[in-house]
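Taken straight from TrEMBL:
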REPEAT    A:5-35  repeat 'PPR'
REPEAT    A:36-66  repeat 'PPR'
REPEAT    A:67-101  repeat 'PPR'
REPEAT    A:168-202  repeat 'PPR'
Amino acid sequence: MPERDAFAWTTMVSSHARVGDMSSARILFDEMEERNITTWNTMIDGYARLGNVESAELLFNHMPTRDIISWTTMIDCYSQNKKFGEALAVFNDMRMKGISPDEVTMATVISACAHLGALDLGKEIHLYILQNGFDLDVYIGSALIDMYAKCGALDRSLLVFFKLQDKNLFCWNSAIEGLAVHGFAKEALAMFSKMEREKIKPNGVTFVSVLSSCTMQGLLKKAVGDFQA
DNA sequence: TTAGGGTTAG
């Protein structure tokens, strides 16, 4: 039952990779007689998280077959390591091979677009999501809100925010920050109040936007009060 | 919870 062995070995590889021990993961990986796509994907992601882009690339380029998770993991590897141009290049490669992105791929790519200010590609992916009936979940939603805001399209950013059914802290933070950096301090603070009324607990990212909005409004005391509550 | 990928900032 080789597939069963591969499953058990991959579980061990994964447990090392999860804690960042890629040396131990690698020893097991090299000793394995039967590897499957999951084994390769686990290794690539493990290297990506440690910032070892070269090792991730090497495995990605040498793996026998790739699935959508392999592609997304490699795109995210570049993105996590601030190589956003490379992330989009891999996404392009993937599309050229006729492989369709899923929700996870799209959230990752939209985030890379935000960092690069790549509004056209971001819009294209947004359209693709709408036209293909993909679920606009909190990952894609917050990535879109952030991407539009960073690309200077605050109207589109807020449109996505208000149309989004379920919003988590990431969605709220992205919208509040978008308002704050575009100088809409009053609106950012109003949105922060609405977030509190909806029982979403703020974090340090929220704090940065609220603080800058309060500063713009000359309300530094309010900022301190908000975060002591 | 049961082998693998995703969102804000820094």
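Cβ atoms are placed via backbone N, Cα and C, with glycine included.
Automatic prediction, not curation, is the source of TrEMBL annotations.
Tertiary neighbourhood of the repeat 'PPR' (A:168-202): same-chain residues 138-139, 141-142, 145-146, 148-150, 154, 157-158, 161, 208-210, 212-214, 216-217, 219, 226-227, selected by CB-CB distance under 8 Å and a gap of 6+ residues from either end. Residues 3, 6, 9-10, 13-14, 16-18, 20, 22, 25-26, 29, 73-74, 76-78, 80-81, 83 of the same chain, all 6+ positions outside the repeat 'PPR' (A:36-66), place their C-beta atoms under 8 angstroms from a C-beta of that stretch. Residue counts for the repeat 'PPR' (A:168-202) by DSSP state, with H, G and I taken as helix and E and B as strand, are 26 helix, 0 strand, 9 coil. Confidence across the repeat 'PPR' (A:168-202), taken as the mean pLDDT and rounded to a whole number, stands at 97. Here the repeat 'PPR' (A:5-35) is broken down by DSSP into helix, strand and coil counts: 24 helix, 0 strand, 7 coil.
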